[in-house]
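Structure record follows, encoded as structure tokens.
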């Protein structure tokens, strides 16, 4: 035996590392080669020396260039080369050049490479050794005509195979004559590209066989043994995916016959070194396919079940050792046995749901499995590894070994689940499905297993919550939160969270239990019998909608939920859902409003939950088909809503009937609502909104069967004296409990409530002290003390109320960026009549449009627009119409006259057009006909209830659409959300997929990210907590990307974030020339939702050209005249600023 002192591995990745380890155990120095693309690959560092093979060579050529590799070997003074598998491992010329240079090639002899490197020669060799072979051509088929001739004789199905190589390349199954020609030419072409040899041969295709290979090893002394078989039947396109040793599905007799055949072949040719003899097995028949004259990827599992190191044996055999000598110490064939079973899974960056397309990118997290009976053979599986498109997508080979196949499979599932690989897609979920499939676990699978088992692809995407959370925090840290001033994260006080035990809450029996017991009518009767006034708390909805632009997040409500359940155990209801909270949750807070409802319902089981329902607008800004309203109410009731406050923004009772019917069907409480506007004390203010008007409406609502009558004073216009008169008249006119809602903008709210209570009101809306006043509701805490000594009082726990107020006073500071400009009582409300819930939202809109400094003008314009539109009731969505028009007129310096005179050439906000089309409803005094004509520009207006014109939504079609888009099941809640807000819902899903469940983050981190050195804890599930520390942030690179270094649960993580404030290649957008009528410019900043035309297209006057959106306000840009589109400067999704050129039209000539 000649000792090998220095060994070069002509390969890369995990097999190179495997060989280095074997050599190190034999005290042999090692040399690695690498390409330019592999400079950071792990195998380079696992050798004693490593050398770049040709800086001018491509990624594959570096490992295929024989002369360059030989040069490195000579310079490094190596005396042996191991080729691994793939690349040059079966290349006869490479082995010959090694021999010529006096370098030992660790592999079979040249004649073996020659006979097995060509599949036709291999077949001939097998026939000579008397092995059964698949009927086929005697040699390569030179032309399609000869292929066709053979097919006519042999019949179908057939397999066309490349004579060279392996790995499933150059192979095609042909099942009928029509497929033959294309398959023949494709197989030849693929063979040429893969192996540099286009020769193919044809054989009979064995349908549905097992693929069994036998591991053999021979030495230079004529000794040959087999190490039993491996089952490689789990394949995709003839490439192995999972291997098992030994095969579960073979009988002992058939196993022995196959292994004997393998030995028979190799002894016949005096084979040397490691190789595998491959067979197809069908029933009790088996057929020789080929020999792989090299080490195989799956050699690991044979090593595990036999205890024999195949790679070390290869090296020692090449050095001249005897298999049965003391260096190798191989047992005699009769003494070689297997212990238990082993399974190998190849973990790759392939995406099974995208036709196994290899993914590329940076591995940002890598956590291995391990433990008893687990083996890992890793290549580029490590954190920070750049996965390129140049090489095999294999990251690591995971092998498990156990005494039984079932235990090995269980160990594999555990190990696969334990792996954490982030930054690239992997096939791990697919492999888990393979392991758990009954066909696999029984051993009753064939080479068609993957093809015939579609349930293997029922893959739930990895939650990857840690990485998604880090990416969101990184992005908001670097780029800030939309409409929040970009600044360092403030050092907020941590809110003290009072809690109440779940057992105590479970003991409460409140209005929720009363409803379940006596039903809606029973609750109404109970309310009327109460001496004290009852409370509805609005802190969870209208209070923060009015004060903080609806921005309060679910987490801050959940934190205080148990205490709220305790404090309001004697209250009537908690208003906590509906209105603007629905779309704002999706759109701005990036959380699911249904999840909020269900989580709060679970935490507060004892008090009625109340929502604001915009009648036929549901929680949207337009009318929806009747079946949408029914479905929305049905789903809301199931999720936890008990009281539906139903209103129409124009007080049109016809619009409220469908919603009332739906609520009654659901067995819930229906509040018929009158929206209060004007001033019943001042006849000069309006001859429309009189006391008689409201009494008439109340009687109409009673006739419709509503359970409770609500007065919604959305702007806080109801003065104390007016409240006394109105409530008194209504109590006389109808036999319904009366529920009053107001806003404290003027500072008169408490007195208004006192007068209403004296007049007999049954329920009032208040908020806890720190979330009350101004545009919110009056303070419940203050009202408690104000009513001391009076006959009617509040049933509430005042100490508990103070505790809630302390909590909210701290939490409110987190939302300071969304506070409105009103800092004190403001009697301007009696002039502009803006709803409290709209004030802070409109202020935010104005700021986003660059009108923050002109908000006083916006408020005045709001008043003027109201009278321009005919003095309408102003509450969502009608208030949005007035607000959109006010912003539009201030932005474009318009007044009432210019709207009438120049309106024909103006593109009005979509909500305004919709209003004048009658899509929201009919104002009590009708429309201003002149203004309607200008705004509609010939469009026809509705004259009846919009729902009568709308086709029912086909929910099953929506389900199919969403399931296709989301690649999985969808809920009824998803369906109704999409119907109400398709774009908003889709954007939310996109954000959820990108960043995960953001409602779990604490609010300061959600809005501001993290400071350097800061640590936050995020509970992502029961008993699962992420502890995240932001270590440091790099400077931006040349592309504007920053690297953020975290420690997550003590493990280093890196995330790459594009800094949007770093301009690498400035893209200056052209501006519209105001004097050029052909230039269509952006009238407001925002984004492009949809471009409807293309260059060269002929358009007509008033034809929609594109749709823009700014802060939920859509505008359709129309052609000012007939013409041809000369240029379009924007695309869907582009951000635009006021004055940006969008489209240029060449006017048509007469």
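Including glycine, each Cβ sits where the backbone N, Cα and C put it.
Cβ-based neighbour count (10 Å, all protein chains) for residue 211 (ATP binding site) stands at 22. The ATP binding site feature in Swiss-Prot is assigned to 119, 161, 211, 278; the stated evidence is experimental evidence.
In this structure, residue 542 (Mn(2+) binding site) is part of a helix by DSSP. Other Cβ atoms within 10 Å of the Cβ of residue 542 (Mn(2+) binding site), summed over all protein chains shown, number 32. Taken from Swiss-Prot, the feature Mn(2+) binding site covers 542, 712, 741, 743, and the record attributes it to experimental evidence.
Residues annotated as domain 'Biotinyl-binding' in Swiss-Prot: 1071-1146.
Same-chain residues at least 6 positions away in sequence with a Cβ under 8 Å from that of residue 712 (Mn(2+) binding site) are, in sequence order, 645, 647, 673, 674, 675, 676, 741, 875. The N6-carboxylysine annotation in Swiss-Prot covers 712.
Marked as N6-biotinyllysine by Swiss-Prot on the basis of sequence analysis: 1112.
Annotation for residue 119 (ATP binding site): spatial neighbours 161, 162, 163, 164, 201, 290, criterion Cβ-Cβ under 8 Å with sequence separation of six or more.
Of all residue pairs in 119, 161, 211, 278, the annotated binders of ATP, the farthest apart have Cα atoms separated by 17 Å. Mapped onto DSSP helix, strand and coil, the domain 'Biotinyl-binding' (1071-1146) counts 0 helix, 40 strand, 36 coil. For the domain 'Biotinyl-binding' (1071-1146), the predicted model reports an average pLDDT of 87. When the binding-site residues 161, 743 are compared by the number of other C-beta atoms lying within 10 angstroms of their own C-beta, 161 comes out lowest. If you take the C-beta of residue 278 (ATP binding site) and look for same-chain residues 6 or more apart in sequence within under 8 angstroms, you find 211, 212, 213, 214, 232, 288, 289, 290, 291, 292. The local packing around residue 741 (Mn(2+) binding site), expressed as other Cβ atoms within 10 Å of its Cβ over all shown chains, amounts to 28.
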